[in-house]
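J.: Attaching a single structure in structure tokens format; questions to follow.
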């Protein structure tokens with residue numbers, strides 16, 4: 001069984017996944033929690049060039065573990081394309097999957113982020129909130145099995161019971177919509193990578209709120225310009241954005 005968590009930073013995914021795993025384990029379920037942070041935090045420092053390796057390694061771990069165990073994916077998975085890639089792994093082994101959508105208001109996410117020492121710049125969380133692909137809004141296969149408000153009490157025993165029942169069903173897979181336009185994939189990559197570049201830049205420069213807003217706006221205008229281009233080379237564009245930021 002593949003359990004795909006989706007939700008923004010500060011919503012409580014890691015706490016949720018650990019608590020759920022404990023309850024499932026008490027029900028004699030062999031379960032493992034996996035996510036990109038497991039690998040990302042193994043690097044002593046973060047560099048943008050590591051991200052492709054981190055993504056591929058995370059997927060390989062999930063792919064390998066799903067053969068024998070239940071897997072809880074502890075990641076934001078905020079684009080439906082990310083959730084689709086994970087569902088394809090479940091499909092590969094004919095395993096059931098369940099998307100669990102963890103929700104909280106933007107105010108709560110920001111407050112929690114501040115309480116943990118602003119691990120991620122608040123402006124980045126706000127942008128992710130705006131860009132978030134809400135599960136089930138566009139595709140049938142993307143509909144959440146459960147929607148959880150993490151500001152309320154959570155009954156993990158009841159959630160575990162529902163997941164165990166679902167795991168006994170015959171897996172059903174809808175036709176997954178693929179990105180027909182290559183530029184959509186490139187745009188997703190550029191959007192994600194420039195977000196990371198900005199996040200790292202803000203952290204390294206220790207910018208104040210006004211400067212953060214300026215940098216976020218700079219990225220926004222840069223992406224508008226890129227969207228007007230017919231042919232886009234992602235690597236060249238990312239280098240151009242880094243140069244722009246460094247000269248700012």
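For all residues, glycine too, the Cβ spot is worked out from N, Cα and C.
According to Swiss-Prot, the protein has these features:
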type    : residues                    : note
BINDING : 7, 8, 9, 10, 11, 12, 13, 14 : ATP binding site
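So where do these features actually land, and what's packed around them?
T.: DSSP gives residue 10 (ATP binding site) a coil state; it is part of no helix or strand. Around residue 10 (ATP binding site), taking its Cβ as the centre, 22 other Cβ atoms fall within 10 Å, counting all chains.
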J.: Return the single residue from the binding-site residues list (8, 11) that has the minimum number of other CB atoms within 10 Å.
T.: 8
J.: Could you say which of the binding-site residues 7, 9 has its Cβ with the most other Cβ atoms inside 10 Å?
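T.: Per the Cβ count, the most surrounded site is 7.
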J.: Within the chain of residue 12 (ATP binding site), which residues six or more apart in sequence place their C-beta under 8 angstroms from its C-beta?
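T.: Once residues fewer than 6 apart are set aside, residue 12 (ATP binding site) is near 102, 104, 112, 150.
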J.: With an 8 Å cut-off on Cβ-Cβ distance and a minimum sequence separation of at least 6, pull the same-chain contacts of residue 14 (ATP binding site), or say none.
T.: 35, 37, 74
